Each structure stands twice: as C-alpha cells, then as structure tokens.
Amino acid sequence: MNLPTQQASIAWTFHPYNSTLELAFFGTFISPSGWVGCGINPTSPEMTGTRALIAFPDPNSGQIVLLPYILDPTVKLQKSPLLSRPLDLHLLSSTATMYGGKLATVHNGAAIQIYASIKLKPNKTKIHLVWNRGLYVQGYSPTIHPTTSSDLSSIATFDVLSGSSASQHRDLTGLRVIHGTLNAISWGLLLPMGAISARYLRHIQALGTTWFYAHAGIQLFAFTLGTAGFALGIRLGQLSPGVEYGLHRKLGIAVFCLGALQTLALFFRPNARNKFRKYWKSYHHFVGYSCVVLGFVNVFQGFQVMGASRSYAKLCYCLGLSTLIGICIALEVNSWVVFCRKSKEEKLRREGLIGVSDKGSSAIHH
C-alpha cells in the first residue's frame, strides 16, 4: 500500500489464526544524520500515544540501529528529549535494513526498510499507522520532525485483514489552497487597503465623505472573505484529526475576533460631537492596526505550515504587500510635506506676513 505522504509505503502479512502481523515499512531519509520511524497508535489516529520503531545511524559506529520509543504528550510539547524504552505492545521481532546491503550509507534520499512482527489483540485487525522522518539525532534521541502539512498528516488507518483504508485520509490540498487564498486576500491585502484609505483619503477635502464609504466598504468586504476563510480553516481542522497548527490557529482566532470587534464598532460609532467619540477613535485605531499586523503575521505563518515558504504564491503575495508598503510610504511622505507646508503658512500668517485673502497662494506682502 502506498501511503499518502513522504512517498512511503507498507507491505504486510496477517496470520488470523494467531493474530500475528508481519509489517514492512519503506521510507527515506532527509538528512545523513537524520532518522526514519513508524509505529502503531493503539487508541487513535494521532502521533501522541504511538508505539514507534525509529531507525538512524549509530553515533559511535555509524551502523543503522532500530530502537523502540513511546511518544507520550511530553514529546509533542518538547518538554523532554525522546528516550528509548520498551514498548507495551507484543513485539515479536524487528529489524532495519538499508537498501544496498551493509555497504549502503545514509544520505539525503536513502531508502530504508523497517520490519516488525507484532502479535495483535484477538479480533482486532484495525490499526492506526503513524510514520515520519527527521533531520538529526542528538545521541540516541531523535529530534522533532518538520512541521509542514505533509509531515503532520503522516497517519493512516486501515484494516490488516481486508486491506481497506479509513475514509478520513482524503486529499485536502484543494481546500487548503482556497483557505489560504481567501485569508491572504482578505486579512493580508484588503484589510490594510481599507486602513490606508481611512488614513490618507480623509484629508482630501474634494472627496467629502466618500473616503468613509470606501473605507467601510473595503473593510466589510475583507471581513466577509476572511470569515469564509476562517470557517474553512475550522472545517479543515475537523477533517484532519491529529493534525494541529497551534500558533497558526491561535493567530487566526485572534485576527477573526479583532475583525469582528471592528465590524461591530461600526454600528456603535458616536457622532462627532459626542464626548465619547475620542475614546471610540482610540479603540478603533488600536484594534484596527492590531488586526492588520496579526493578519500579516498569520498569512506568512500559513505559508510555512503549508510548506509553501518558497512558492510562487508567496512571491505574488510579497509583491502585492510590497506595493502596498510603497504606496503607504509615498502617501506618508506626501502627508508630511503638506503638513509642514501648512504649518509654515500658518506661522507666517500669525506673524502677519501672509494676508488672510492670500490663504491659498502664499503671497508675501511687502
């Protein structure tokens, strides 16, 4: 059976009369000092709780060693190094073999086979297989594996008697792309565009109140798209049991909540003469800019968890973001030039060097 990630595969023979499973896992190294492992989670399709066999070069001899490990919650939280200990499964035998025999060396892309003979519980033929690979080993302690979408999805549930796979391991690439696109456009581009329109267009007297409708319209459209992207992210989490992106998820919730607060604030906006207007403006500015900054951070975090840190999609987003930053710098410089010019005119007017009738011409009276 070809497994859904890392170009890994398995082969097995199940002996029903004594519930013995002979399993061969085929994987590849991603580093000369890395590790490759696979295991069975007896309770659920997730990494925590997996009873694993991990192969890596012995730091002393360089020969491939295969050691047993139990992936308890402290491993996931990285509170302590992963140490080898006996498994509480009925493991009859296990070996690890490099392709190429005894002369084979571990290098990036080197293939390895991990064999195990396990006695399963009677009438229990459904297993949760977990596998992964890492960049290096500290002593005899494998370090954390990469955390891309592919690496966090290295789980398969299947029946060793019938060979049927569980249906939850569907291809979610399309949904992830839509989720990322909606959020990058809404939180990462449209939201700052709305902030730019409010900051720089409101001072153009010829526009009147048009700037406000442009600002509100862009922000509402951005929040609508962002809500759709957020909902899709929640759905992706439900369709990916055992896969968690802690920081990305927390930032996404924070950005959505701040966006919702900004939208609600629109309906409680005091009029210009209300004494609470200044407090509302301070709140509106703080929440708005916080939402924009966290939106930027989470978009880049999303590229990272999708394994698209060097993709054309990220390049296109960076070009769009750079354009917005360039526009902001140009408008900010223009605003300061106008401000300094008006301040100078006001100073000359107070000193009587400019007449009131020459307010816009800066003519000097002799």
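Note that Cβ sites are derived from N, Cα and C of the backbone, with glycine treated the same way.
Sequence-distant neighbours of His248 (heme b binding site) (same chain, six or more apart, CB under 8 Å from its CB) are Asn298, Gln301, Gly302, Val305, listed in sequence order. Marked as heme b binding site by TrEMBL: His179, His215, His248, His284.
Positions annotated as domain 'DOMON' by TrEMBL: 6-134.
Per TrEMBL, domain 'Cytochrome b561' is recorded for 141-340.
The feature transmembrane segment is assigned by TrEMBL to 177-198 (among others).
As annotated by TrEMBL, transmembrane segment applies to 210-231 (among others). Counting only same-chain residues 6+ beyond the ends of the transmembrane segment (210-231), those with a CB under 8 A from a CB of the stretch are 178-183, 185-187, 190-191, 193-194, 197-198, 201-202, 204, 252, 255-256, 259-260, 262-263, 266.
As annotated by TrEMBL, transmembrane segment applies to 251-270 (among others). A Cβ distance under 8 Å defines the sequence-distant neighbours of the transmembrane segment (251-270), meaning residues of its chain 6+ beyond its ends; these are 183, 187, 191, 216, 219-220, 222-223, 226-227, 230, 233, 276-277, 280, 283-284, 287-288, 290-291, 294-295, 297-298, 301.
Sequence annotations record features per position, and here TrEMBL assigns transmembrane segment to 282-300 (among others).
Sequence-remote contacts of a segment are chain residues at least 6 beyond its ends whose Cβ falls under 8 Å from one of its Cβ atoms, and for the transmembrane segment (312-340) they are 180, 184, 188-189, 192-193, 196, 199-200, 203, 296, 299-300, 303. Here TrEMBL flags 312-340 (among others) as transmembrane segment.
Each residue in the domain 'Cytochrome b561' (141-340) has a pLDDT score, and their mean in this model is 84. With the fewest other C-beta atoms within 10 Å around its C-beta, His284 stands out among the binding-site residues His179, His215, His284.
For the domain 'DOMON' (6-134), the DSSP-based tally of helix, strand and coil residues reads 7 helix, 64 strand, 58 coil. Using a Cβ-Cβ cut-off under 8 Å and counting only residues 6 or more beyond its ends in the same chain, the transmembrane segment (282-300) has close neighbours at 183-184, 187-188, 191-192, 195, 248, 251-252, 254-255, 258-259, 261-262, 265, 314, 317, 321. For the heme b site, whose binding residues are given in the record as His179, His215, His248, His284, the maximum C-alpha distance rounds to 27 Å.
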